[in-house]
Each structure stands twice: as structure tokens, then as C-alpha cells.
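Enquirer: Have a look at this one before I ask anything.
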Amino acid sequence: MAETETPKRSPEIRKDKIHNRWVLFSPARSRRPSDFKAKSNPQPKNQTKCPFCAGHEHECAPEIFRVPEHSTNDWKIRVIQNLYPEVSRELDFQNTLVTVVGDVAVSGFGFHDVVIESPVHSVNLSDLSPVQVGEFLLASKKRIEQLRNCESIKYVQVFKNHGASAGASMSHSHTQIIALPIVPPTVSARLDSMMEYYKQTGKCSLCDIQPNEFLIDESAHFISLVPFAATFAFEIWIIPRDHSSHFHEIDSEKAIDLGGLLKLMLSKMSLQLNNPPFNLLIHTSPFQDDPSHAPSTHWFIQIAPHLSGVGGFEIATGCYINPVFPEDAAKILRDVRISN
């Protein structure tokens, strides 16, 4: 059957009420939305002796814990220190700011860990079963709860880079966790924007979302959608139905439920977009957040495919250009059929 041409649209500028920023939708840049696929997704070079594979555990930085806890050669998940950390757990964090002619700096204290999702080199996160993806999420939750015990840590970012152009340096599927003694400005801006929405409406901005034509799929405890002002073409958010400020509040039942929906979204995206490079981000709240912020803050997962580069306009303005309208992207992803 011949594909129906997508009606031409005029450019549109939409406000992202979660992050308080604008996104320019410019269909003149695009082909038909269904034609979008990654041209190529070069993976980091395969190591002949990958330290993340089973049998090479001794080549890694120190292990923090594994799943199952007392497993030997039959482990499913390992959480280890990063061999080349961006921050150092060895430093003493000083609350006193160092100021030199108006510039401010603190020591580079923090934690940088790696979650190895499988002992098998060729297995991606989307290849795991819903229960196994749920176990990965629970391992991330466990590590976050451990990091909460460090009084100096204020924020933890869980992120996954898939593909070399998305920042992955190793081809063995893994996720990273960085714990910081500061709250990053983008996080603060998101929380402030969500608080402002709550003050104006009395509602949480994520609880108040009406998915409608933006919905991709849903489960008992989560919904997946393309956000109204998606920064990236075919960007996906997975949002808890129940209001919750912190990812680490997830329980086992919800983790397995989320595992199924996350696996489905990754599979749909891979099939439709030719296994694109992407970043998977868990947006949560700071540990020591003001209790008055609780009604307005709501954690969620963002999956951002890399289908086009960032140009000077985006860097200069912070206003991204997206060539695919979110409702079109949502329909295409809804229609992707995954064989069991």
C-alpha cells in the first residue's frame, strides 16, 4: 500500500512547560516523518577482551555489588566504580566556596559508577526480559539509596549512552551513575519551572499531562509519550502514573512493570529508526529538596535519539529545532509492531 503523504505544516514554536524553554518545529527541514532513520550508528570498537564481560571481572575497577548478591560466575548485573571517573570519591568535599575575582569553585568530589546490565557482550538493554530490565532498575535504585548516605551528595544522575555519537566509549551495554555535591543548573531550572506551574494551577505539570495524540503506550503504573514540545525528533518520555518525586521510591512491582514498557519503547525506537544512537536519562529530584517542592516534582525517564546534529542556532539560543511534530512521531511509534 502506498504511504499517504503527511500534510504540509507551518513552522511552530512550542513552550516546554517542564523545562521552561522553547522548541522550534520546522517541518521544512524534514522528509516524511516515517522516513527518519539513523544513517549509521557506529558502535565503540569491540574490545577483544572486554572488561565488562563475564570472566574479566578482575580487569575492572572495584566492584560495589552484584546481582544476585552472592553469585560467582553466574552474576546477572554488576555495579562497579568507573575506572576513569569524572569526579573523585577520594577528595574531601568542602562546603566553603573558593572565590577568585568573582569565579566560584568547589572540589571535584563525587561518585562515578557503572551498571553492567548483562555479562554477555552482545546483549542490549532491549534484549533483556521485562523482569531483567526491572532488576537493572532496582540495582540502580539500590546504588542511589547507598549514595544518599553520603551527606555531601545532593543529586544523582543516572544515564545511558548508546552508540559512539551519543557518548558511549564501550560497546558492552552499560549505564552510568554520577553523584554530585551540587544541584546542576538544568535540574534547578526544571524544578523551578515545575514549581511555577504548580503555583499557577495547583497541579503537578506531569500529572496534568493529557497524552491524547501524544501517547505511545501505557502499562499499569506508567505511560509513554512523545512530549508536546519534544526537544529531539522521536523523543520519548516514560512517566509514573502516581505522583512521585524520586526514582529511588520505586518498588519491585513497579520496577518490573516499568521494565516491560521501557523494553517496548527501546525496541520500537530501534526498529523504526534503525538502532539509532540515543541517551536514556532518569530525571529525579535532589536528595535534600525542599519539602514544599514535593507536590510539584515528579520523576520521569527521557529517551533522546540522535538523528541530527546540534547547530549554532541551538548553541546560541538554547532553542532546539525539531523537524518532526511530536504527534506525528507518537503515531509512527504507536504503529510499530514488535513481534514476540
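Cβ coordinates come from backbone N, Cα and C, glycine included.
Unlike curated records, TrEMBL annotations are generated automatically.
Below are the features listed in TrEMBL for this protein:
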type     : residues             : note
DOMAIN   : 10-184               : domain 'Galactose-1-phosphate uridyl transferase N-terminal'
REGION   : 25-47                : region 'Disordered'
BINDING  : C50, C53, H121, H172 : Zn(2+) binding site
ACT_SITE : H174                 : active site, tele-UMP-histidine intermediate
Enquirer: In whole Å, note down how far the CA of H121 (Zn(2+) binding site) lies from the CA of H174 (active site, tele-UMP-histidine intermediate).
Expert: 10
Enquirer: With a 10 Å radius around each C-beta, find which of these recorded positions (H121, H172, H174) has the fewest other C-beta atoms nearby.
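Expert: With the recorded positions H121, H172, H174, fewest surrounding Cβ atoms within 10 Å: H121.
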